[in-house]
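**Student:** My structure is below; once you've seen it, I'll send some questions.
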């Protein structure tokens, strides 16, 4: 009872504080940073009464099993597919290869530092496990600041897209490393096995998500009576999504990865078929669940940090004496180095295939590197730490205290400094971005919910203003060949998106989405082709736009 009263009171307080932060457009302190602060203060209050701590009984197991799934599902549901595919190269490169680079750099650095006597001596699996979990970025504070300061859409979309896929890769890598015994020596073959198992977990989890969600979407679109019962619509969507989570776990895959892609598939196939009340209910219920879960994660992190300074008769409880400042220092250095080796080389390479109008600028690169915060996913993973070395020794408490320090310092320091950095780099004076994650209530699809037949969407036309060529932006003759090559690549990619969109609208959506869309598919397909042909022509002559024909 006391535990419920404390948590409900804290949540009510956080709702009021979040309202004030949003109303005042505050960028120095984010909602996650405020939740951390509230948790610290709550922990200090609990510390005065050790008996109260025992009665509250914070259980770390609830983080991964209860609190993390709503956060991941909402992240997958909130992805705008058009913006995602427009930047899919940069997102996939940084989220997959970049996460592997970051985890490898951190793990190798900590392993070498320990064997050089500059920190705790770890085994290679242990060092890589910590590198994997601490590589999971969680830029909640950053994205909130981006929205308030109206950063360029390109910057917002890359940071958001990288963060959600990065979590999936980090979790899969962590789970694959847990399967390796401490007695195995490191070799190229073992590392290749780890990578192969990581991708097997990713692909297997995605496969389960696709199979279950598409099967459910097929029936969901055809049971038209559901449209008269919004509560049942929402329950079917939630239960189907969480079914994929437990099915993937039962198959020894990643339920979190399956849940993320379930969110994307729910948004694409099931959400447009729902009735307007069901859409509104589902959107707000999911957003509220994610807010509650994320707030509780940060509150519990703050409470855990405060209780580190209290002596409690609990063998599993962490204490500040478990912290090794040499290990913390090396972790921070390796975090910055791994993030730099992830961000700058990979995104500069991406720029070689982009036309000048959509290239990632140097200020954007600096912001992407700087905003690699660690948060809920890292802490949830470290609470499941079960690794013991060949001698039976576990560094669980060291990993937990270090992760707590990193999460709190990045959330407060980097989250608070993001706003001033954006202003200093002149990245905060653009129109509000059509971001990867946006308010879906502002763009609810028109639909005849008696027949579940979506109304054809009117595509954005190309205005005369967009056709106007700025002489100052014309490429020089020396760069003309490069721009022409980039334009061809850009046009090719635009055609790939168009082909996938046409295939999806003509073959997949009538089966798994709205059941009666065949009449309007041909007209929408022809309209999409005509609009895309104008865009491709513009890209080949003066690259000013990405692709306007594809719908999310």
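Glycine residues also receive a Cβ, built from the backbone N, Cα and C atoms like all the rest.
These figures come from a predicted structure and were not determined experimentally.
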**Student:** Ranges 66-88, 365-387: which does TrEMBL label transmembrane segment?
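**Tutor:** Among 66-88, 365-387, the range TrEMBL annotates as transmembrane segment is 365-387.
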**Student:** Write down the single range among 154-174, 427-447 that appears in TrEMBL as transmembrane segment.
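**Tutor:** Checked against TrEMBL: transmembrane segment maps to 154-174.
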**Student:** Do at least three C-beta pairs under 8 angstroms join the transmembrane segment (32-53) to the transmembrane segment (154-174), pairs 6 or more apart in sequence?
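**Tutor:** Taking Cβ pairs at least 6 residues apart, the transmembrane segment (154-174) and the transmembrane segment (32-53) are not in contact, as fewer than 3 fall under 8 Å.
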**Student:** Between the stretches 90-112, 154-174, 253-271, 291-313, which wins on the count of C-beta pairs under 8 angstroms to the transmembrane segment (194-217)?
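**Tutor:** Going through each listed stretch, the top one turns out to be 253-271.
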**Student:** Considering only Cβ pairs within less than 8 angstroms, which of the stretches 90-112, 154-174, 291-313 has the most against the transmembrane segment (253-271)?
**Tutor:** 154-174
**Student:** Near the transmembrane segment (90-112), which residues from the same chain, at least 6 beyond its ends, have a CB less than 8 A from one of its CBs?
**Tutor:** 84, 119, 122-124, 127-132, 134-135, 157-158, 161-162, 164-166, 168-170, 173, 195, 327, 330-331, 333-335, 337-339, 341-343, 346-347, 349-350, 360, 368
**Student:** Using a Cβ-Cβ cut-off of under 8 Å, list the residues of the same chain that are 6+ residues beyond the ends of the transmembrane segment (229-247) and lie near it.
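**Tutor:** Answer is 69, 73, 208-209, 212-213, 216, 220, 255-256, 258-259, 262-263, 266, 270-271, 274-275, 277-278, 281-282, 285.
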**Student:** State, in range form, which of 124-147, 291-313, 399-422 has the highest count of Cβ pairs under 8 Å to the transmembrane segment (154-174).
**Tutor:** 124-147
**Student:** Should anything in the same chain at least six residues away from the transmembrane segment (291-313) have a Cβ under 8 Å from its Cβ atoms, list it; otherwise answer none.
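**Tutor:** Counting only partners 6 or more residues beyond its ends, the transmembrane segment (291-313) has Cβ contacts under 8 Å with 7, 10-11, 14, 18, 31-32, 35-44, 46-47, 50, 53-54, 58, 63, 66-71, 140, 319-320, 322-323, 375-376, 379-380, 400-401, 404, 407-408, 411.
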